[in-house]
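Asker: Pulled the feature table from TrEMBL, pasting it below:
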BINDING   Thr100, Ser101, Phe128, Pro129, Thr130, Asp131, Asp200, His203, Tyr225, Trp255, Thr281  pyridoxal 5'-phosphate binding site
MOD_RES   Lys226  N6-(pyridoxal phosphate)lysine
Amino acid sequence: MSQDVTLKAVRDWDANDGLRQFRERFTIPENMIYLDGNSLGPAPKSALAALEHAAHAEWGQDLIRSWNSAGWFELPLKLGDQVGALVGADKGQIAVCDSTSINIFKALSAAASLRPDRKVIVAEGASFPTDLYIAEGFVASQPQLSLKLQGVDGDTIEELLSPDVGVVLLNHVNYRSGYLHDMKAMTARIQAAGALVVWDLCHSAGALDVQLDDCNADFAVGCTYKYINGGPGAPAFIYVAQRHQAQARQPLSGWWGHARPFAFEQQYEAAPAIARFLCGTQPILSMQSLNGALEAWQGVNMADLRSKSLALTDLFINLVEERCKNFGLQLITPRKHEERGSQVGFTHPHAYEVMQALIADGVVGDFRAPDVLRFGFTPLYISFEDVWNAVEVLRDVLSTERWKEPRFASKNAVT
Ligand SMILES: *Cc1c(COP(=O)(O)O)cnc(C)c1O
């Protein structure tokens, strides 16, 4: 197909793109092609306005009254329902709170407490590291439990699903390769083996048509600062299926998860539903930024989003393979649509330097150690022509070997 793609064809796709108008809702710097919305989403104009209002009016003027008058106290569950609309969850099953790392801890603990007779937690060796670190820390706090990793203790998740497995923690889309699990099939397999599943949606929430309820998921977590565009460090979310809420317990039993926080009672009593997954006071300015960011999602059809995402990643893969041949790039992202998230990764022996040179030319992706060039495709503000132009810059960086300039070799703390 790629031989036939012309700039004119690409412009026609943009002209016929039903999601085209959404780009207006974002602040994107001039002369930048931003292919890193899978790491930090750009600022929706509505989020900047919400932040400004929260800072000046709610905090600046109304002060403590804003807990009630601006609805601060209700934000975790109100925003949870709104995030739920993006990930296929009915109301009352998601709380927006804390970080993904903390929510993984809560979800693993709660899931393990529902399978008290089973001693093994399974995760993927290729998970985003915090998932593994948290699982390791959780298991260390529970001497009866142990952790088994796919890729280390067995080749596949299925192979590891022995009768002593209580919980399986999976990354819906792999942060490095972009590999996408079949959520429905995996959930069914895990449940058939008597275990519960915790899905980490960091690289799928806001990027594809996630259907938590329809897939019968047990627990899920995810962040809001990537594809959901909530702002740097915006709070994460946790999903607990309705059917587990009455029994599920999480160990961070802070006052916001109490049945009556303002009764100031001496003993903890968990709130009846999803609120028991809260812990303490939340970062309200970040919450309000997310609140504003969610306005930018109004009217977005997630199935359309997914179709355009696949068209963008198909185009990128085809153009790179056609134009950047013989420069040492190797695709690590699945070609099959049903196995691909919304990002594309290529390895290159000098991936770090190549990415720095791309960024200097306004094509912003990121580098993942040891050798991955990673590009995220976000259908609300990336056009087909952006993809075309990004590949032109990549070809130029590789063919001129500009990446060899010494300035591109100095390492930053955040890659
Ligand atoms: C980005 C990401 C996280 C981030 O966790 P934080 O607690 O927000 O730092 C966790 N898991 C996955 C899979 C991620 O991609």
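We count from 1, first residue shown onward.
Keep in mind that glycine also has a Cβ here, set from the backbone N, Cα and C atoms.
Curation plays no part in TrEMBL annotations; they are all automatic predictions.
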Asker: Just counting, how many other CB atoms are there within 10 A of the CB of Thr281 (pyridoxal 5'-phosphate binding site)?
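Answerer: If we count other Cβ atoms within 10 Å of Thr281 (pyridoxal 5'-phosphate binding site), we arrive at 12.
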Asker: Just to be sure I understand the packing, how many Cβ atoms besides its own are within 10 Å of the Cβ of Tyr225 (pyridoxal 5'-phosphate binding site)?
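Answerer: Total other Cβ atoms inside 10 Å, all chains included: 23.
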Asker: For the binding-site residues Thr100, Asp200, which Cβ has the most other Cβ atoms within 10 Å, all shown protein chains included?
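Answerer: Top count of Cβ atoms within 10 Å goes to Asp200.
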Asker: Cα of Thr130 (pyridoxal 5'-phosphate binding site) to Cα of the residue listed as 'N6-(pyridoxal phosphate)lysine': how many Å, rounded?
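Answerer: The separation of the Cα atoms works out to 16 Å.
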Asker: What does the structure give for the C-alpha distance between Thr281 (pyridoxal 5'-phosphate binding site) and the residue listed as 'N6-(pyridoxal phosphate)lysine'? Integer Å is fine.
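Answerer: Counting only the Cα atoms, the answer is 23 Å.
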Asker: Among Thr130, Tyr225, Thr281, the binding-site residues in the record, which have a C-beta under 6 A from ligand 1?
Answerer: Thr130
Asker: Measuring Cα to Cα across Thr100, Ser101, Phe128, Pro129, Thr130, Asp131, Asp200, His203, Tyr225, Trp255, Thr281, which the record gives as the pyridoxal 5'-phosphate binders, how far apart are the two most distant ones in Å?
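Answerer: With Thr100, Ser101, Phe128, Pro129, Thr130, Asp131, Asp200, His203, Tyr225, Trp255, Thr281 as the binding residues for pyridoxal 5'-phosphate, the largest Cα distance is 31 Å.
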Asker: If one measures from the C-alpha of the residue listed as 'N6-(pyridoxal phosphate)lysine' to the C-alpha of Phe128 (pyridoxal 5'-phosphate binding site), what distance in angstrom results, rounded to a whole number?
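Answerer: The residue listed as 'N6-(pyridoxal phosphate)lysine' and Phe128 (pyridoxal 5'-phosphate binding site) have their Cα atoms 14 Å apart.
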Asker: When a 10 Å sphere is centred on the Cβ of Phe128 (pyridoxal 5'-phosphate binding site), how many other Cβ atoms does it contain?
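Answerer: Around the Cβ of Phe128 (pyridoxal 5'-phosphate binding site), 18 other Cβ atoms lie within 10 Å.
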Asker: Under a three-state reduction of DSSP output, how is Asp200 (pyridoxal 5'-phosphate binding site) classified: helix, strand, or coil?
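Answerer: Going by the DSSP assignment, Asp200 (pyridoxal 5'-phosphate binding site) falls within a strand, counted as strand.
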